[in-house]
Amino acid sequence: VGFKAGVRDYRLTYYTPEYKTKDTDILAAFRMTPQPGVPAEEAGAAVAAESSTGTWTTVWTDGLTSLDRYKGRCYDIEPVAGEENQYIAYVAYPLDLFEEGSVTNLFTSIVGNVFGFKALRALRLEDLRIPPAYSKTFIGPPHGIQVERDKLNKYGRPLLGCTIKPKLGLSAKNYGRAVYECLRGGLDFTKDDENVNSQPFMRWRDRFLFVAEALFKSQAETGEIKGHYLNATAGTCEEMLKRAAFARELGAPIVMHDYLTGGFTANTSLAFYCRDNGLLLHIHRAMHAVIDRQRNHGMHFRVLAKALRMSGGDHIHAGTVVGKLEGEREVTLGFVDLLRDDYIEKDRSRGIYFTQDWVSMPGVLPVASGGIHVWHMPALTEIFGDDSVLQFGGGTLGHPWGNAPGAVANRVALEACVQARNEGRDLAREGNEIIRERSK
């Protein structure tokens, strides 16, 4: 009997506006710009097909499975207001298309191939809805916000951090000295920069040893628990886990990973190790702007944030709204909520296309970092709230009197702003005066 081969319009199979989404479906919102002459329905169906079961023609093995059960479906298309030939395509994927507990497989399927499709001029993944049936198969953050606060014995305020500068070139001993000065001045954390791994001028083992000495010395002086994000990122997973194990042996409370350059498989492996061994895990998003900065092509950071929450991390950098790096306030607060909260309602004004229910998955602390200083403290305290890490690099180390006075200035400003907020004062209007009063 045979079958009819040849090129076939995707919309005949994969555009299904009558489809009612299931609670177990993974839902995606794509911003797509079709090539001239390509109908929106065909473009949306092509996205659904190429990111699930489809290819450009009918193949005889289609008859050996149930396409209706496994195919992705473009179930809605809406034009983007104010944009010519740009649409939001909504696609539903059956849960059985994806391996449990694997962000790697999730992204390989949904964004691995379709972005090079010739029928599309541009394509951007704006949001994903992860159903509880799938999110419950992931490790999630190794510890989460509440457990971290309990480990550190620090409550009722944001945590303070600092990235050690210059990021490259210091010897291990001088690096440890810079860490000590910041921590004794009142910071909770210091941090390896994302590209500090194990270079000729400072091998990782030497850095870990001198930083551990700085941690214990500053803890003894201040009576507070201190931490330094020891970057365990390495060229292999085995080496990464070896570095994390050495940090644990030294008694360090937290390690760090560059999750996009290191990869989701490595990140999830490290998250399991951290949970099993009592280490907190700080996540840096190096390389994110390559993926998320273009407004019409790539992937929005809220998707990368959701992926990180599933893959595993206790902190992640999330922009500042007020600093040197790009970030719109409402959109930034939208993905901050997606990192911290259990249940987040759909809110298109904040870029949230789907209601997201994380059930019991622990939250991730957003880290505000990049071009911020002490005079941003009132705005940061108001924008990010208590469950956050405010990280000042140059804003600490750039103090004319040195690292420790820079750390003192940040701690004094933070405590002044938190107290004023708790007393009901208006930080937006009185913030600078509040800091001046406290610093006299």
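Every residue, even glycine, has its Cβ placed from backbone N, Cα and C.
As the structure is a computational prediction, the values presented were derived from the model and not from experiment.
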For the substrate site that Swiss-Prot describes with Asn113, Thr163, Lys167, His317, Ser369, which of these is also annotated: Arg203, Arg285, Arg293, Arg340? Arg285
In the structure shown, with every protein chain counted, which of the recorded positions Lys167, His284, His317 has the densest set of Cβ atoms within 10 angstroms of its Cβ? His284
Sequence-ordered, the binding-site residues among Thr163, Lys167, His317 whose CA is within 10 A of the CA of Asp193 (Mg(2+) binding site) come to Thr163, Lys167
Return the residues near Glu194 (Mg(2+) binding site), defined as same-chain residues 6+ apart in sequence whose C-beta is under 8 angstroms from its C-beta, sorted by sequence, else 'none'. Asn231, Thr233, Asp258, Thr261, His284, Ala286
What other residues of the same chain, not counting Lys191, Asp193, Glu194, have a CB atom within 8 A of the CB centroid of the Mg(2+) site? Thr163, Ile164, Lys167, Asp192, Asn195, Val196, Tyr229, Asn231, Met256, His284
C-alpha spacing of Lys191 (Mg(2+) binding site) relative to Lys167 (substrate binding site), in angstrom: 10
Minimum Cβ neighbour count within 10 Å among the binding-site residues Asn113, Ser369: which residue? Asn113
Running the binding-site residues Asn113, Arg285, His317, Ser369 through a 10 angstrom C-alpha radius around Lys191 (Mg(2+) binding site) leaves none
